[in-house]
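Feature list (source: TrEMBL):
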- 47-296: domain 'G-protein coupled receptors family 1 profile' (DOMAIN)
- 32-55: transmembrane segment (TRANSMEM)
- 67-89: transmembrane segment (TRANSMEM)
- 109-126: transmembrane segment (TRANSMEM)
- 203-224: transmembrane segment (TRANSMEM)
- 244-267: transmembrane segment (TRANSMEM)
- 279-298: transmembrane segment (TRANSMEM)
Amino acid sequence: MNHEELESIDNVSTVIQFVLIGFSDLPNLQGFLFAVFSVVYIIILIGNFLIIIIISMDQALQKPMYFFLANFSSLEICYVSVTVPRILFNIGTQNRSISLMSCATQMSFFLVFGTTESLLLAVMSYDRYVAICHPLLYPLIMNPTKCTQLAALSWLGGMPVQIGQTCQIFSMNFCNSYKINHFFCDIPPILKLACGDTSVHELSVYVVVMVVAAFPFILVLASYSKIIATILKLPTAKGRAKSFSTCSSHLMVVLLFYGSATVTYLRPKSMHSPGTDKLLSLFYTVVTPMFNPLIYSLRNKEVISALRKLLFKTYY
């Protein structure tokens, strides 16, 4: 064994704890950041819980489209709860340490819920495709059993892949540093801490992203190409406008989620920078979930009508 190999072995230490750098480079804004993240988290929880309550209480919303929307709102609550409470804890206590097991657990849940969102958006696109392109068959195709199966597939489909990927990443040795220049345990900053060549792991990440994100996105594009072609054939402008209105909210959410996630995970390692990674991650982990309830409710007349009825019952 030569000198270089001995030196590399000496530099490898068994890391049992990481430090999340987060926003510690902004010491004068810690109080402000804590307030902002607290308000945003409360808004996300209230907005999504409100959608779930409205859908469960209003008989007019007992349709497949709103069944999937309730699942989506439940998912958003889980999704942000993986990262935001940890951000608040780190800022509030100034204790930024996180054990290796906690870091792996956070990454695993984050990746599983991210995959669920990708699959659920594809399922919601399929639902709109059937509703608009095959309206007469819609009740038969999207029956309660089929909807439950599609929702279960979305929630459970990514678990084996993402848990396996998390185990693979945390089986590496970490020797570059124990400081994660991020506000949660995500793949790109963790790979930067690994010893030696990580190209195999990077390739594995690309393959998984292609399977759990790119493939569902292709299904979304295929569904919407059929939807748009069908809508354009409708004889009246009113009919076309109504059909587009049922899809526009979902399409907006799709573009926000897939766009930011693709840029984050499909960039080469050399193009990753801590500042850009944090900004992009904030966008799809915090900002997008905050706007999703607004996008779905303010652009949906049935949801607005149900909300008015709920408020009317509450106050009168």
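Using N, Cα and C of the backbone, Cβ positions are placed for all residues, glycine too.
TrEMBL entries are annotated by machine, without manual review.
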Exercise. Is the number of Cβ-Cβ pairs under 8 Å between the transmembrane segment (67-89) and the transmembrane segment (203-224) three or more, considering only pairs separated by 6 or more positions?
Worked result: no
Problem set entry | Cβ-based contact of the transmembrane segment (203-224) with the transmembrane segment (244-267), 3 or more pairs under 8 Å | yes
